[in-house]
Amino acid sequence: MSHPTSRTPEIFVGNGEMAALMRAKDWTQTPLGPPEQWPEALKVATRILLTSRFEMWLGWGPEIAFLYNDAYRPTLGLKHPDGIAKPTRELWAEIWPDVEPRLRKVYEQGEATFDRALLLILERHGYPEETYHTFSYSPVLDDDGGVGGVFCAVSEDTDRVISERRLGSLRVLASGLAAADSRRAVLQAAQAGLAANPQDLPFSLTYLFEDDGSARLAFTTGFSGTHAAALQALDRSASGPWSLNTADALVDLSGFADLPMGAWGRAPSQAVVVPLIGQGKEAPIGAMVVGLNPYRPFDADYLGFLKLLAGQVSSSLASADAYEAEYRRAAALAEALEMRQQAAKALEDLNARLASEVELRTAERDRLRALFQRAPGFMCVLQGPDLVFEFMNEAYQQLVGHRDLTGLPVRQALPEIAGQGFFELLDEVYRTGQPFVGRNMPADIQREPGGPLERRFLNLVYQPIVEADGSVSGIFAEGHDVTHQMRAEKALRQLNETLEQQVRERTFERDAVWRMSQDLFVLCGLDGIYRSLNPAWSEVLGYQPAELVGTPFDALAHPDDLAATRAQFERLTAGQVVRDFDMRMRSKDGSYRWYSWYCVPEGDQFYAAGRDVTERKQFEEHLRSSQKMEALGQLTGGVAHDFNNLLQVISGNLQLLTKDIAGNERAEARVQNALAGVTRGSKLASQLLAFGRRQPLEPKVVNVGRFIKGMDDMLRRALGEEIEVETVISGGLWNTQVDPGQIENAILNLAINARDAMNGQGRLTIEAGNALLDDRYARQHDVTAGQYVMLAVTDTGSGIPPDVLERVFEPFFSTKPEGKGTGLGLSMVFGFVKQSGGHIKIYSEVGQGTTVKIYLPRVHEQEDVLTDLRAAPVRGGTETVLVVEDDDEVRETAVALLSDLGYRVLKARDATSALSIVESGLEIDLLFTDVVMPGPLRSPELARKAKARLPHMAVLFTSGYTENAIVHGGRLDPGVELLPKPYSREDLARKIRHVLANQQQRNRAASAPAAHAEEAAKKVANIAHWTVLLVEDDDLIRSSTAEMLAELGHRVLEAGDAASALTLLEASSIDLLVADVGLPDLSGAELARRAMRIRPRLGVVFATGDEAVSAEPDLRSAVLLVKPYSGDDLAQALASAIAKSKLDAAE
């Protein structure tokens, strides 16, 4: 199993669950492979992903291996955490047909996609689920400039879309029921309203209870014909498919086939029975059976929505029943008056018929016909039990479409009105002899053959024709088409709704949409003035809506966005819809956030909705910046490589020339001036690499407070006597892991910038303290939340104007006169801090000075013992060095410098030639090779093969730019030694002795000490035998040293780290501690301190490969043993340590 390497945490940053899971994951079993081999673009994108609080996922490679952050976990549901690095096609198999074309467009065309509220049926909780998502797929370029992956920023809109859909259903139903004033009209409106939402109501059955206890089917939705589930009548108390007496009861539909599927391609598996409760009644008046959406869970929200629907239907039925009761009472009074009038007329007709009954009847019929034809309303006469058309006027013909109706029964003449209740009403009037009066009755009439049904509204009267014997011989029907009046009345009612109704509707809308949404909603006039805003303005921007009503639409726009904002406003005034317009809005605290706006004009105003896309914009900017930094890094790396090679040639030859001109003061001064120019050029190249984050770091655990104190003399010399330097170091300061040389350069750069800002006079304050960056700050400044060591440099200078402050970290940007600065100082500091996993912030006001704060991540390890090779003596040697360098001039310069130091030198122009020399059998002590080499064999591979052939050989790399050959995550690979170009003769001499000393110790450890066994045995009798605790993390050195100690007659206990050593100290009696200076968990010095607290008389020996290391002041009794050491050296060190410990005890 592959375990995370020391570089893995730099990719998987943050304290969230996903970062922890990724750090612990065995990546060798995934399509991505080990993280240390990932392309730099993938590493950068992963760090951005894990530090964002916005829902995001990243796909990489041809299989689109899936990575995601903490915010995205709810979208995965039960697929988390198994979804990490899984191919997207497998992870989201159920939606692959939907997303695959979009992903293909990104990979093949390099174009981004965007979808708003796209329906996706996900299986993330064990069942298919209706979900909606707004997301964008953006290409991520790999290190070669091609599309290596895809980045997706996503927002799930499921709750919003479903809430809006259900609110719309409630509005449609309420609108239809408002115009219904009869039971029949209510049922028709309810049927239309329920049918309008086939997503949440795939089918429904509405039953009304009769007085005899049965339930009659009033209407259905979703069914196209008869079905076993749609029973026309039910016994209320009997068991059957629907238990109407059980409120909110779920019903399993597995026993039914061919059920309606609504808007889905899948039939419901469950239904629910919802009671209809009448106004002021406890017992239900009926029940609704509703088939449930197969892709949504049946929860409290779903049930609440269905109860709201049932409540509207129940209330409207009760209102219609009350209205019809009142109307029947009024009709009864009118009928009594009519009967009296008919009696008087009948007496008059009887007298007339005595004179001439036949002629009178004929004349009366003709007169009535003529009168009927001129009547404004429609009229007809239906005769006999079949209700055959005997007569109809022109108005009736216009109503039904000028058909030939005479002599036809009404059911045959007007077949389209079957099922609308009219035939049943006519039969009832003919049977009972009671008239019927109908008001605003809807009728669907086919006015043209084969044409569509047209909805008309009628006021009508069905009057029975009663013969002298009291029998009914027919029906006289008359009425008026009031369709136009109905429409006008409806419009009038809408315009004249009561204030109470308006307030109720507005409250309902705002509670459901405005108050619940985190998006910005606004109603604005076409005069550009805000009229109404939702509460989200207060929550996210800090303004109360009342504060902004009456202000111009562009009052909060960023100055740089004003022109674009006004251009979009012009489109709105021209009647155009504005989509996906991004602009920055000013918060009340003065900060800005990005919003994407969707605006729709309506009359003299427009509606707008704005979604916060700040994190998306920050991510896009961060991604652009990272890709720009990557490109700049490649550029600066190439430039630095050639530039440093050139400087190396100049520097080396100048140093060699120094010996030839010794005594010529004028020539020596010129050479020193030239060397100073080389130093400045080297610094410029180093700054370029630091800004591009290509500088190889050698981080150590450092206490910044002690480090600053150690720089005091250097700072005072650099700043001059007129600058007052004050240092403020907080107590209990944490440690951080950072490259000591780079932090020194950063502090010096900031101090010199401060000096220049103060014109050489003022006060410079350097502070160090502990800091905690919380989640809110981290989100705003793109940094990982957690514990940091804060370093602040404050001056009393002139300050920085706001327009300049935004650009201070840009490379080559400078406000100094030409020739007074490169503009790379702060850029170098910025690049180094970011490469170290830190954060940098600058604060400044004109006339008030400037503060630069650097935040470096806290580490819990003990402080390392810092080795400064600059303090080591400059000396050469006689070993054999193989120089491998492709640049002829650089190679010859290096050969000359090494020869001048006394070494025997071999040389090769490329790695292949060097390997041939190694394989020739020549004895080589040190391989000194450039990192960047031409040809098929690269330098790291040369070093590996050479070490396999000559295991006792040391390796030292040199380069002006390391690429990624020996540097990963910005840090040198473990065990690698590097001498950066350009180097001086002194740097070369010290580094070679350091590398050779370490290798010689390893060689000594690897070889058996047989040659000294006899001599050591003789000495055993003359020395005391001690118990020695040996602490060394290098297995080979530890085993060889343990053998040497045993041969000296000592009892040896071994430990590979400080923790194991402390355990042995607690459990055993120890006389001597022999410890390496650099251990993986504690420094050797800190281990000695803790050990001496346990055993105060303990003798201490420090083993080190650095001759410049000195003992800590509080460990003056410790003895330094410099590697490589012999058995005699070791015996002498032990004896000295015992003697010193006894002396300390005596004191």
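Cβ coordinates are placed from backbone N, Cα and C, and glycine is handled just like the others.
Curation plays no part in TrEMBL annotations; they are all automatic predictions.
Some features that TrEMBL has for this protein:
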type	residues	note
COILED	320-360	coiled coil
DOMAIN	439-494	domain 'PAC'
DOMAIN	527-576	domain 'PAS'
DOMAIN	638-860	domain 'Histidine kinase'
DOMAIN	880-996	domain 'Response regulatory'
MOD_RES	ASP930	4-aspartylphosphate
DOMAIN	1027-1138	domain 'Response regulatory'
MOD_RES	ASP1076	4-aspartylphosphate
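Ranked by number of Cβ pairs under 8 Å to the domain 'Histidine kinase' (638-860), the listed stretches 439-494, 527-576, 880-996, 1027-1138 are led by 880-996. Reported as a whole number, the C-alpha separation between ASP930 (4-aspartylphosphate) and ASP1076 (4-aspartylphosphate) equals 30 Å. ASP930 (4-aspartylphosphate): 24 other CB atoms within 10 A of its CB, across all protein chains. Here the domain 'PAC' (439-494) is broken down by DSSP into helix, strand and coil counts: 12 helix, 30 strand, 14 coil. With helix defined as DSSP H, G or I and strand as E or B, the domain 'Response regulatory' (880-996) counts 45 helix, 28 strand, 44 coil. Shown for the domain 'Response regulatory' (1027-1138): DSSP residue counts in helix, strand and coil, namely 49 helix, 27 strand, 36 coil.
In the predicted model, the domain 'Response regulatory' (1027-1138) has a mean pLDDT of 81. Neighbour list (ASP1076 (4-aspartylphosphate), Cβ cut-off 8 Å, at least 6 residues apart, same chain): VAL1031, GLU1032, ASP1033, ASP1034, ILE1037, GLY1084, PHE1102, ALA1103, THR1104. Mapped onto DSSP classes, the domain 'PAS' (527-576) shows 25 helix, 7 strand, 18 coil.
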